[in-house]
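Report on the structure given below.
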Amino acid sequence: MNRFRWQEGLIKMVGLWPFISLMVIFIGLPTDGRTVALADASPPSLAPMLERAVKSVVNISATGKAAEEIDPLLQDPFYRRFYGLSEVMPPQAFSFQSVGSGVIIDAQHGMVLTTYHVVEHADAITVTLNDGKTVEARLVGSDSETDLALIEIETEGLSAMPVGNSDGLKVGDYVVAIGNPFGLGQTATMGIISALGRPGLGNDNLEEFIQTDASINPGNSGGALVNLHGELIGINNATAGSALGISFATPSALAKRVADELAAHGKVNRGELGVVVQDMTPKLRLALKISRDPGVLVSQVKAGSAAQRSGMLAGDVITAIDGHPVKDASEFRRKISSLAPGSAIRLSIARSDKSLEITARLTDKESDHASEATTAFLDSIVLLDIKTEAKPIGQANGALVLAIDKDSRAAAAGLVEGDIIVSINRQAVHSSEETLDLARRSAHPLLLGIYRDNVIQFLAVE
């Protein structure tokens, strides 16, 4: 009996909860006659911020002519003769039009920052402002390595977008992408920062991208990625193929540095050390007798470069720059490229079981490229001195191919890991250093003598 009474009382109490809740609400209301106009409160909106920000984002249309790539099959002499085609097939020029976006960063001088691929090869650039006004633009400078370009327009009433601090961004921060997707007109999409410091996107470019799930579609390139204060924190760049919710932007800190260089010089002056580097692997570390974890492997030292003059050798492992550890090849390239020509740097080197300190003075990247020797076939190849018993020739002294880039000329010619280079153009070599030196001084194509599977073979490398 008592149990049933208890259940009945509980049911009554549950039934009273809505009334109790209402009483609590009314008790908490102001008692001075004021009313709470919940129905009239405006919902949160980004409209006020966007009204200011969109004035600094422009649409860009670029037109020009470019050379059309010819199908490799059509370059084959046999194919051309068989089908009665001309022996000479010059590249065909075609007209193109590209559309994108840009951000006004200097209203006084009419400077607009955009992506390089939007204005690449353009003969004419047209900018449409937020109010619909159309003006012609001229290219001030461009930088293909960061995919950025600076153009100039002459008109009144421009509004520059304030540049925010991209170095202070965190994963989860809200962002808005503003641009001209698919040429439809100005559009804003919202998302969050998904990741920071995304390198390269499959190439050797220097960007550390901001990854966001805000939609950045074709035509959005060059537009603004802004924070909720309407400050520029990135330049919209690309999407990851057909992946949904994965878009990228160049951080504003990098974009601003590049824009300043382009405005002052029309190009970006970068220091050059003159090495080709690659990430270390456990197998390479074991073969090179390197016990340290961080560092990048020097696979080639370019002729006449700052690295060569400082005494650096292929096979060295660079562990630090000016005392700061080097994590991987991407980080190494970014650190070097951020320094001006003429900068002196201290490199910590691991060479076999020795630790060395080398000082190098960076050269200008363009002048360094001009002095490169014709040893492209050795790019991204790691050579190691080797002595082994070879049946056809007794003691084989040469350069062991420890690692090779599958896209290199040598790989295309048939060179593989484990081959031992014993001669170049019929002249014997006894070490990796001698191999590199002879390759630089020899006429091309090169005839490589290699020891493989107990026999000597020859490979011709262009």
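A Cβ is built for glycine as well, from the same backbone N, Cα and C atoms used for every other residue.
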TrEMBL substrate site partner of HIS117, GLY219, ASN220, SER221, selected from ASP131, ASP143, ASP147: ASP147
Reported mean pLDDT - the domain 'PDZ' (398-454): 80
Surrounding CB atoms that lie within 10 Å of the CB of SER221 (active site, charge relay system), all protein chains: 28
Secondary structure content of the domain 'PDZ' (262-353), with strand meaning DSSP E or B: 24 helix, 28 strand, 40 coil
Cα-Cα distance linking HIS117 (active site, charge relay system) and GLY219 (substrate binding site), given in Å to the nearest integer: 11
Neighbour count (Cβ, 10 Å) for ASN220 (substrate binding site): 29
Counts by DSSP class (helix H/G/I, strand E/B, coil) across the domain 'PDZ' (398-454): 15 helix, 21 strand, 21 coil
Whole-number Å value for how far ASP147 (active site, charge relay system) lies from HIS117 (active site, charge relay system) (Cα to Cα): 7
